[in-house]
Amino acid sequence: MKCCSRSTLGVIIGILNILIYIFVAVVMLGLLQNLQERFDKTVEQKEKAAELGTVLISSLFAACLAMIIVSGVLIMGIIKRRHKLILPWLVLHGLGLAVDGARVVLTLILSLVNGISLSVVLTSFVFGVIGVCLGALIFWTIYSLWRDIRRMNDEKSGKLIADVHYGFDPANAPPQYHFLPALPQKS
């Protein structure tokens with residue numbers, strides 16, 4: 001049974017991304033304010049730590065704002081059926097999946113090397129793998145939507161007449177499929 005179309009699911013994913021990143025950005029602002037107040041009251045020896053914390057949280061805040069914009073562009077690309085507007089989200093989400101996968105493996109290795117309890121290590125690993133798999137499922141859904149929108153746009157623009165392949169030589173195709181008029185005809 002089909003619940004909703006991929007376009008609707010893509011818009012829902014984009015809206016959820018925006019809401020989550022707004023929430024994280026607000027938390028980062030609160031954390032930045034709390035960090036600033038805490039380090040204003042402490043000794044100057046912790047100035048480097050305060051600087052590093054401020055830079056880190058500010059960078060995360062900027063990344064949240066960028067992802068809010070990219071998620072908005074994803075929604076616009078789906079609604080307006082423009083595949084190039086979906087591409088930034090796909091690239092960033094793909095990079096995020098790669099980083100998350102590497103983080104899960106690195107956490108597993110470091111936890112085993114440091115002698116952390118096996119139950120804690122396995123629990124962390126299982127939840128990490130579930131998170132990466134869920135992210136991959138979301139990525140696959142948006143990617144397949146992007147592929148369909150791109151194919152539809154190519155058909156509209158005349159780049160793709162039919163989904164028929166005649167090898168590597170378009171001159172061997174039947175005359176009704178000649179979509180490159182500048183090709184010389186065989187004599």
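A Cβ is built for glycine as well, from the same backbone N, Cα and C atoms used for every other residue.
Database features, via TrEMBL:
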TRANSMEM  12-32  transmembrane segment
TRANSMEM  52-79  transmembrane segment
TRANSMEM  86-113  transmembrane segment
TRANSMEM  125-146  transmembrane segment
As a test: from 12-32, 52-79, 125-146, pick the stretch that has the greatest number of Cβ pairs under 8 Å with the transmembrane segment (86-113).
125-146
What parts of the chain pack near the transmembrane segment (125-146), using Cβ distances under 8 Å and only residues at least 6 beyond its ends?
6-7, 9-10, 13, 74, 78, 83, 86-87, 89-90, 93-94, 96-97, 100-101, 103-104, 107-108
